[in-house]
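Engineer: Straight out of TrEMBL:
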| type | residues | note |
| --- | --- | --- |
| BINDING | TRP35 | chlorophyll b binding site |
| BINDING | TYR53, GLY54, TYR55, GLU74, LYS174, GLU175, ASN178, ARG180, GLN192, HIS207 | chlorophyll a 1 binding site |
| BINDING | ASP56, LEU58, TRP99 | all-trans-violaxanthin binding site |
| BINDING | SER61, ARG79, GLU145 | chlorophyll b 1 binding site |
| BINDING | ARG69, ASN77 | chlorophyll a 2 binding site |
| BINDING | CYS73, GLU139, ARG142 | chlorophyll a 3 binding site |
| BINDING | GLY155, LYS174, GLU175, ASN215, PHE216 | chlorophyll a 4 binding site |
| BINDING | GLN192, CYS203, PHE216, ASN219 | chlorophyll a 5 binding site |
Amino acid sequence: MASALMQKSCVSAVVARPSRVTNRSVRVQARPGNWLPGSEAPSYLPEDLPGNYGYDPLGISENPANMERMIECEVMNGRWAMLAVPGMLAQEALGFGNWHDAPSWVYEGGSPTWFGAGMPITDIKLLAVIELVLMGGAEAMRASEPDMEKRVYPGGAFDPAGFSKGNLAELKLKEIKNARLAMFAFVGFVLQYYATGKGPVQCWTEHIADPLGANFATNGTSLPFF
């Protein structure tokens, strides 16, 4: 009897105890370095790698030698893209035609121009040899450096403004983010031209003038069934 009364009083005390309601909320946020929420970043990717969001679905960088090569290739290709994209936009915006038609003089005849100015060398074979010697020589010298960090971020004469003396880690992150954006933009310009036959500036102005009538869904190629 006494045991039953004690159990009843304990249950009554628990039931009668007022519940405490809190207004605290929990914020779920993907960890830095995780490109896909819920996925695990590969352990072989260094935490201090600029722009490391754990993206390596094919496991290409699991081999340290491959990872070093991929890091170098991404930065160098990104720099080329960051030069190419403004050039493609500027040429068309200034009225010198789109990027695709710029080298048409090679197969249509005529002379090369640079922003409307004639070039002294008009032979494509000679231009190719000059480019091979200059660019090939520069790349050979760069490749002779055994330290990947120095190959990618040489500093010195290649940093005349002295930016590398500041927060280098922050600058590396900004560079790789802009490089990736530029590479996506370049691919977009190429696909855009083959879908519409127009340059990025013309496509943009047409889209601004008629957003619903001029977009990827109405060019007749990106979505064939439209």
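Each residue, glycine too, has its Cβ placed from N, Cα and C.
Where in this structure would I find these features, and how exposed are they?
Structural biologist: Around the Cβ of TRP35 (chlorophyll b binding site), the same chain contributes ALA41, TYR53, GLY54, TYR55, each under 8 angstroms and 6 or more positions distant in sequence.
Cβ-based neighbour count (10 Å, all protein chains) for GLN192 (chlorophyll a 1 binding site) stands at 21.
In sequence order, PRO42, LEU45, GLU62 are the residues of the chain that are 6 or more apart from ASP56 (all-trans-violaxanthin binding site) and have a CB within less than 8 Å of its CB.
A sphere of 10 angstroms centred on the C-beta of GLU145 (chlorophyll b 1 binding site) encloses 12 other C-beta atoms.
Listed in sequence order, ALA179, MET183 are the same-chain residues at least 6 apart in sequence whose CB falls under 8 Å from the CB of ASN77 (chlorophyll a 2 binding site).
Annotation for GLU139 (chlorophyll a 3 binding site): no spatial neighbours, criterion Cβ-Cβ under 8 Å with sequence separation of six or more.
Counted within 10 Å of its Cβ, the other Cβ atoms near ASN215 (chlorophyll a 4 binding site) come to 14, all protein chains included.
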Engineer: Whose Cβ lies within 8 Å of the mean position of the Cβ atoms of GLN192, CYS203, PHE216, ASN219, the chlorophyll a 5 site, other than those residues?
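Structural biologist: My list of surrounding residues reads ALA195, THR196, LYS198, HIS207, ALA214, ASN215, SER222.
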Engineer: Find the shortest Cα-Cα separation between LYS174 (chlorophyll a 1 binding site) and the binding-site residues ARG79, GLU145, GLY155, PHE216, ASN219, and name the residue that gives it.
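Structural biologist: It is ARG79, whose Cα lies nearest.
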Engineer: Compare the Cα of ARG142 (chlorophyll a 3 binding site) against each of the binding-site residues LEU58, ARG69, TRP99, GLN192, ASN219 and report the nearest.
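Structural biologist: Closest candidate to ARG142 (chlorophyll a 3 binding site), judged by Cα separation, is ARG69.
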Engineer: Enter the number of other CB atoms within 10 angstroms of the CB of GLU175 (chlorophyll a 4 binding site).
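Structural biologist: Looking across every protein chain shown, the total is 18.
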Engineer: Among the binding-site residues LEU58, CYS73, whose Cβ has the fewest other Cβ atoms within 10 Å?
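Structural biologist: Minimum Cβ neighbour count within 10 Å, taken over the binding-site residues LEU58, CYS73, occurs at LEU58.
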Engineer: Out of ARG79, GLU145, PHE216, ASN219, give those binding-site residues positioned within 10 angstroms of ASN178 (chlorophyll a 1 binding site), comparing C-alpha atoms, in sequence order.
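Structural biologist: Neighbours among binding-site residues, in sequence order: ARG79.
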